[in-house]
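Peer 1: The following block contains the structure, expressed as structure tokens.
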Amino acid sequence: MRILKLTFILLTICGCWRPDSWSSLHKRLAYYVYASIIVLLLNTFLLSQLMDVILTVDNADDFSDNFFVLICMFISCCKSFIMLINRKNIIMLVDILMEKPCRPSRSTEINILYKFDKSIQINTWRFVCLGTVTLSCIMLSSLSINFRHRKLTYRAWLPFDYSSTLLFYLAYIHQLISLTVAAFLNVGFDTLICGLLVHVCCQIEIFTYRLRKIVSYSDVLRDCTCVCYKYEI
């Protein structure tokens, strides 16, 4: 049983997690190109916000609006780099949860794991729905107000004049894509951390169950699995 499926799907879409099945050279190369494009979009949006705060903003209202977006994008970029840098460590943690002695071996233990993983999946879907509704409101309001007046969704300093139709469309789409990726990247990252913590709680409950059954499990006493299991937790 794979754990945190939806979380890893979100991270894959956001360019932070290459699927394990993409092990061939051309698939790995394709995903690295895709991830590079996503990282470039996020960081260029962050840079445009930063330069606007430094060079253009001249009043408190514009500063507070842009600084809020700037901080959110900075956090998203940091999370993206953390995921890319710590891929091996995350794989190691997931493997520990899925291998002996942490791997459930009886139907009751499998049910315990399923219960916890199901709760993580439900909460992740709620988080995704909340993010989708928020993004939809932002995009619809921007399309109905900003787009008609040839204004970007967020103030930004750009090294070119986007008064022409094509450049305005490119800048506008760039902001919306970056905003969408940043939102779901935060969802994926936060649910990954919370999900791993919940699975630690799951392992504690499985360990408690094994202790209760230790008298009837003769093999547990023979191979010292409980001792090793406690060490793993």
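Our numbering is plain: 1 for the first residue shown, then up by one each step along the chain.
Using the three backbone atoms N, Cα and C, a Cβ is placed for every residue, glycine included.
Worth saying up front: this structure is predicted, and the values here are computed from it rather than measured.
In case it's useful when we look at the structure, here is the feature table from TrEMBL:
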- 32-55: transmembrane segment (TRANSMEM)
- 67-85: transmembrane segment (TRANSMEM)
- 125-145: transmembrane segment (TRANSMEM)
- 166-185: transmembrane segment (TRANSMEM)
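Could you place the listed features in the three-dimensional structure?
Peer 2: Residues 14-16, 18, 63, 66-67, 69-70, 73-74, 76-77, 80, 84, 154-158, 174-175, 177-179, 181-182, 185 of the same chain sit 6 or more residues outside the transmembrane segment (32-55) yet have a Cβ under 8 Å from a Cβ within it.
Residues 10-11, 13-16, 38, 41-42, 44-45, 72-73, 76, 79-80, 128, 131, 134-135, 138-139, 142, 147, 150, 152-154, 156, 158, 160 of the same chain, all 6+ positions outside the transmembrane segment (166-185), place their C-beta atoms under 8 angstroms from a C-beta of that stretch.
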